[in-house]
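Peer 1: Got a structure for you, questions after.
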Amino acid sequence: MTQLSKRIRVLIVDDCVCIRTTLRAMLNSDEYVVAGELSNGENILATIAMLDPDIICLDHLLPNKDGMLLLGEIRTAYPNLPVVMITGSDDTTLQHVATMLGIDGFINKPFSQKKIFDVLQEITHAKKQLMILSRKYSFPEDNTCHTKAVVADDSRTVRRLLITILTQMGIEVVGEAYDGMQATELVAEHKPDIACLDFDLPTMNGIEALKIIRSKNDTTKVVMTTTLASRELLKLAMSAGAAGFIIKPFYPNTLKQNISRILAS
């Protein structure tokens, strides 16, 4: 396989030619290639079928068809295709609706190349690990005493990876949350043995959700997940009652070891 064929194929959907040009210049590299561009969403499903992209960068404000409507159409036709939303809005309602519809990440304007790569790399890493796991395992490796879990992350692909890893450990995932408020409700409803909370959640961040969970439930072990490997965040999480701290990106064997250790403690 050539280096060119290994590159992640990206489809850009944005009505602003300046945004498309900027994204193309930032993305075309040894790791990514822009497979195509659309200025509106009229032919998006046909374009996906023709170009077979690995990931879509979708503007939320498009002529003719709204980005949210397009996201719903993509999810129906291509449920496992990662979609990242491009937005200049800080509207929390927009973020909530997008995560509810199954968005995988956000690129907020103005954006930098580092920010774009950080978002795309988290998603493509999770997707790659899912593919490896689907080939490597087909059933739980052991029985973890009917342990139950809730997972919370605003990226649909990252949630899928977490659920797959936990399921293969023999852990039953009883709830899947895309924001902090939903995470607190699912933990209150199911009272799981463990909850995996991303720090950077919409509506309510992971630390705020952790505090609410801990105020009502002192038995569920809450694990914070984050790409921010800072000592300050670690102290904040532990002081709020976290049982552990797992740094992204997730590697299945390492995550399994950490989860097993936390459950046994």
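Cβ coordinates are placed from backbone N, Cα and C, and glycine is handled just like the others.
Heads up, here are the entries from TrEMBL:
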DOMAIN    9-124  domain 'Response regulatory'
DOMAIN    148-263  domain 'Response regulatory'
MOD_RES   Asp59  4-aspartylphosphate
MOD_RES   Asp198  4-aspartylphosphate
Peer 1: State the count of C-beta atoms found within 10 angstroms of the C-beta of Asp59 (4-aspartylphosphate), not counting that atom itself.
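Peer 2: The answer is 24 other Cβ atoms.
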Peer 1: Could you round the CA separation between Asp198 (4-aspartylphosphate) and Asp59 (4-aspartylphosphate) to a whole angstrom and send it over?
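Peer 2: Computed Cα spacing between Asp198 (4-aspartylphosphate) and Asp59 (4-aspartylphosphate) is 24 Å.
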Peer 1: Please classify the secondary structure at Asp59 (4-aspartylphosphate) using three-state DSSP.
Peer 2: strand
Peer 1: Among all the protein chains here, how many other CB atoms are within 10 A of the CB of Asp198 (4-aspartylphosphate)?
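Peer 2: A count of 27.
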